Each structure stands twice: as structure tokens, then as C-alpha cells.
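**Q** Got a structure for you, questions after.
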Amino acid sequence: NLSSPTIFLLSGFSSAYRAWVTFCLCFSLIYLVTVLGNLLIVTLVWLDTHLHSPMYFLLGHLSFLDICYSSVTLPKILGDSFSPQKTISFVGCITQIYFFLCFGGSECMLLAAMAYDRYLAICHPLHYPALMSKKMCHCLVAVSWLSGSFSSLIQAFLTARLPFCGSNMINHLFCEMPFLLKASCSTQALLNKAASYALAGTIAMGSFLLTLVSYVHIIRAVLQKGAGTQRAFATCTSHLTVVSLFFGAGAVVYLVPQSSGSKEMADVLALLYAVVTPMLNPIIYSLRNSEVKGAIRKAL
């Protein structure tokens, strides 16, 4: 009998009681640091006139995205930790998939926009104010949000149309598309999987290639022009670190084949890119950026 279940059961985090308590405390602290750290960046960019530049405008949106991205999964995971039966409704599951893919896809595109901003600042410094106008900044942010929303809407729609039979168990911490596709017993799941991976791959690979091309031009300009651009290149190190973490963790989860016995490893990797990376972004930017550190000191 093929149908859509009204409720899914999530496997949760399999561990002993002491480890479970440690896990809850640890990830509650991570979520608190994520929200407060990114909220601090958003507030500083909004209030401090020294940070009213394209680079920090895009950084403010990245921090807002990180708050949204971690809020899609972590509160639910922590709530399930205190529940004997970890359940989520079918509508809730599809909604979680939509927002998780939406914020993740938008972040990919925004990181590419930030790389393009650094490319213009270093390779075309004289034309930078005209090329990265306020209108251009708003356009880059709008394209990031719209591409993430459009791609995730199609993927969530395709996943919602899948028929399910037998077990309604999702062997994961939260509703994530590959694990929901595994729960479907229809041959249609293969077509939906191919279409969803093609959409997600277009966003992820497209933004990664744009970022890569920008940095190839930046590194070439630094090597050719020497000392004058090396100080400008220092503004790229924070962005490069964040890009490496975000795309690196995502690539390991989606591209490396997982064996049937690697449930714990899948959970750890999912938490790495869904929870830990959004927490690290404001720390990386505040530690490696003198202007952000100056704004924090002034605010304090």
C-alpha cells in the first residue's frame, strides 16, 4: 500500500544517558553561541558606520542566514532529546526540508557573491565603488535568496509527492532529503533523487566554481602586483576559511558514500555542517578582522 504517512519517526542520537546529557548541554551552548555571535555581527554592521561597506553588508546577511540555518534543525533535535518518541509530522518534515535547503542554497550563493566582491576590490580597485554600488549589493543578496528559495521549493515539492509504504522511520536526526528518499519504496524515488541532486548540485557547484574563479583572479593579481595587494588579500582569509568549512563539510556528507553501519558518523557530519559551521562563522570573522574587532571594542 503506497501512501504518504501523517507522522515520521526520527531515530535520534543513539547514546548512553551520560553521553546524551553531555550532548544536550554541548549543543544548547553551541546554539546559544551561534545566535548571539551572528546577532552581534548583524547589529554591528547595522549600527557602526565604519562597517557600512559592501563587504560587511554581505557579511550581515550571511550572519542572518546562519541564525536561520541552524534554527531549522537544532531546536527540534534538542527538543527530541527530551522526548521518548521522536516524531515529526509529514508536513513538518517537508517544511524542514524546504527551509534547510533554502537557507543552505542561499548561503552557497551568498558566499560566491562575497568572493566576487573581494575580486572587484582587489582586481579593479578604481572601479570598485561604481561596480559594487548599493543597488548591486541588493541585487546579489536578492539573487542569493531567490535561487535558494526556488531550488528548495522544487526539491520539497518533488519529495512531498513521493509515495511511502511500510516503515515510516527516518534513520537520521532530522528530516533531510537523502534520508527521506531512502524511506520511499517507489521507483519514482530514483527520478526524484536525480532531479533533486541535479538542482542542489547546480546551486552548490555553480556557487563553488564562481568562488573558485574569483580566487584564481585574486591570487594572480596578488602575485603580479606584490605588496600593494597583500594587505587587501588579508581580508579574504576569513572568507576562504568559511568557504572551506561550509563546502568541505557538505561535500563529505553528500558525495562520500555512507555504509549501512555509519549512522553515528552520518549524525556527526550532519551536525558539523548544519550546526557547527554557522557557529564558527562569526568567530572566524571577528578573530581575523581588525575592523570587526574595533567595532566590538567600541560597542563594549
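Note that Cβ sites are derived from N, Cα and C of the backbone, with glycine treated the same way.
All TrEMBL annotations are machine predictions without curation.
Just lifted these from TrEMBL, have a look:
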DOMAIN    37-285  domain 'G-protein coupled receptors family 1 profile'
TRANSMEM  20-47  transmembrane segment
TRANSMEM  56-77  transmembrane segment
TRANSMEM  97-116  transmembrane segment
TRANSMEM  137-158  transmembrane segment
TRANSMEM  197-220  transmembrane segment
TRANSMEM  232-256  transmembrane segment
TRANSMEM  268-287  transmembrane segment
**Q** Out of 20-47, 56-77, 137-158, which stretch touches the transmembrane segment (97-116) the most, going by CB pairs under 8 Å?
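**A** Looking only at 20-47, 56-77, 137-158, the most contacts with the transmembrane segment (97-116) come from 137-158.
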**Q** I'd like to know the mean pLDDT over the domain 'G-protein coupled receptors family 1 profile' (37-285).
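**A** Summarising the domain 'G-protein coupled receptors family 1 profile' (37-285) by its mean pLDDT gives 83.
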